[in-house]
Amino acid sequence: MAGGKKKSSTLPSKFQKTLSSIWQDKHMVLFKAEYTFLVTAVLWFLEIGINIWVIQKVEYTEIDWKAYMDEVEGVINGTYDYTQLKGDTGPLVYPAGFVYIFTGLYYLTDHGQNIRLGQYVFAVFYLITLLLVFRIYHRTKKVPPYVFFFVCCASYRIHSIFVLRLFNDPVAMMLLFGAINLFLDGHWTLGCALYSLAVSVKMNVLLFAPGLLFLLLCEFGLWKTLPKLTLCAVIQLVLGLPFLLVNPVGYFSRAFDLGRQFLFKWTVNWRFLPEDVFLSRYFHLALLLAHITTLVLFALKRWKRSGNSIWSILADQSERKETVHKLNIIQTVLVLFTSNFIGMCFSRSLHYQFYVWYFHMLPYLLWSGGVKKLAHLLRVLILGLIELSWNTYPSTNYSSLSLHVCHFIILLCLWLNPTPALPSQKSDNKAKRH
């Protein structure tokens with residue numbers, strides 16, 4: 001009994017010490033990364049009220065929800081030929097995971113008619129996404145807590161994408177952030193499975209693939225990476241099997257259409273170009289070449305540590321020299337976020353809902369840059385300009401150009417970031433691997 005009393009009396013003491021520490025540092029709570037959990041917890045609960053207010057007070061705008069419902073209704077009615085599935089806004093162009101998830105939403109929302117319920121479901125998706133994002137920032141402690149206000153409460157566009165438009169992009173990103181959390185915990189196989197599920201909702205998640213491949217090679221070597229890549233491929237085949245059995249070419253050509261042509265009127269990033277240049281295949285090839293070149297340069301000069309050859313990364317763990325070190329948590333997140341960001345920079349077109357593809361990663365990228373003298377105010381200004389560019393509708397020459405300038409500054413800062421120091425023996429990456 002005495003031991004129990006002693007234990008119970010210790011808990012209030014620890015709690016009082018924590019409160020005392022916070023009170024003494026109250027003027028620094030928003031600036032010290034160790035208070036990330038406290039600040040993000042407050043913001044997360046605040047977001048519950050904000051989402052309810054937005055759903056109740058701001059008018060819902062129909063864009064793609066009805067088309068999504070029409071597309072999955074076609075599958076429910078027995079059409080498994082992807083070339084025959086379409087909605088109001090055009091043919092079905094998303095992989096099979098999208099069909100299954102939105103079929104569930106179709107039934108949950110009374111055949112898509114109960115839009116208000118659908119909004120609340122997407123509010124839950126938003127809160128889950130935010131929880132996963134905040135956990136990444138809490139684990140890395142890279143960004144001062146005051147920035148998280150801009151990661152959630154301050155963005156009208158992101159709330160709109162989730163609860164006023166009901167796009168499929170947020171669903172894919174929610175699964176993606178779940179996969180990243182699993183990677184950070186050392187659950188690589190399960191993380192790869194969830195990553196593949198995210199790809200099956202929307203193909204944009206493939207922008208993370210180069211970074212993920214690099215991490216897998218660093219972690220396991222070539223031969224032990226192959227089973228994880230096979231798992232990703234098998235999941236895609238299993239999910240797509242009902243459609244592959246009917247029209248395999250039609251499924252792959254629609255669900256993974258890399259040559260899809262975008263409409264100039266919706267572009268956020270290339271408004272300053274003449275339309276014929278925007279539609280030119282030569283322009284698309286130039287962007288692809290720039291994308292691949294930038295990825296290779298970052299992989300060889302920034303992600304890979306000096307002194308390690310690319311061949312040493314490919315070698316099996318048991319055959320590696322002691323000089324080959326795995327990446328720690330901070331570097332793991334940076335590689336994944338940078339891989340996606342490079343893809344965004346050289347995208348053939350960015351539509352308004354694509355903002356969610358990198359919105360939650362921008363603070364991490366800005367505070368990971370190698371320009372130490374880049375003031376906090378300037379970083380916040382860049383975030384503000386990016387937000388303004390995505391909120392300008394229709395896009396203008398100036399909004400598109402300012403977006404590219406901001407992208408260039410972030411990319412330059414990431415390039416100037418020195419090759420990371422070797423992790424200590426007590427690195428977080430010593431979590432159990434599966």
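FYI, residue positions are counted from 1 along the chain as it appears here.
Cβ coordinates come from backbone N, Cα and C, glycine included.
Look at TrEMBL and you will find 35-55 (among others) tagged as transmembrane segment.
A Cβ distance under 8 Å defines the sequence-distant neighbours of the transmembrane segment (92-108), meaning residues of its chain 6+ beyond its ends; these are 68-69, 71-76, 82, 85-86, 117-118, 121, 168, 171, 197-203, 236, 239-240, 242-243, 251, 254-257, 260. Marked as transmembrane segment by TrEMBL: 92-108 (among others).
Residues or ranges marked as transmembrane segment in TrEMBL: 120-137 (among others).
Remote same-chain partners of the transmembrane segment (143-167), defined as residues 6 or more beyond its termini with a Cβ less than 8 Å from a stretch Cβ, comprise 29-33, 35-36, 38-40, 43-44, 46-47, 50-51, 54-55, 58-61, 63-65, 68, 115, 118-119, 122-123, 125-126, 130, 133-134, 137, 352-353, 355-356, 359-360, 363-364, 367, 376, 379-380, 383-384, 387, 390-391. Sequence annotations record features per position, and here TrEMBL assigns transmembrane segment to 143-167 (among others).
Among the features that TrEMBL reports, transmembrane segment is placed at 174-197 (among others).
Sequence-remote contacts of a segment are chain residues at least 6 beyond its ends whose Cβ falls under 8 Å from one of its Cβ atoms, and for the transmembrane segment (203-222) they are 94-95, 169, 172-173, 175-176, 183, 188, 192, 195, 228-229, 255-256, 295, 299, 303-304, 313-317, 319-320, 326-327, 332, 335-340, 342-344, 354, 357, 433. Per TrEMBL, transmembrane segment is recorded for 203-222 (among others).
Positions annotated as transmembrane segment by TrEMBL: 229-252 (among others).
Marked as transmembrane segment by TrEMBL: 282-300 (among others). Long-range neighbours of the transmembrane segment (282-300) within the same chain, counting only residues 6 or more positions beyond its ends whose Cβ lies under 8 Å from a Cβ of the stretch, are 210, 214, 273, 310, 338-339, 342-343, 345-348, 411, 414-415.
Residues or ranges marked as transmembrane segment by TrEMBL: 327-344 (among others).
Summarising the annotation, TrEMBL assigns transmembrane segment to 374-392 (among others).
TrEMBL lists 398-416 (among others) with the feature transmembrane segment.
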Leading contact stretch, 120-137, 174-197, 229-252, 327-344, 374-392 vs the transmembrane segment (35-55) - CB distance under 8 Å: 120-137
Intrachain neighbours beyond the transmembrane segment (374-392), with Cβ under 8 angstroms and 6 or more residues off its ends: 144, 147, 150, 154-157, 268, 352, 355, 362-363, 366-367, 399-400, 402-403, 405-406, 409-410, 413
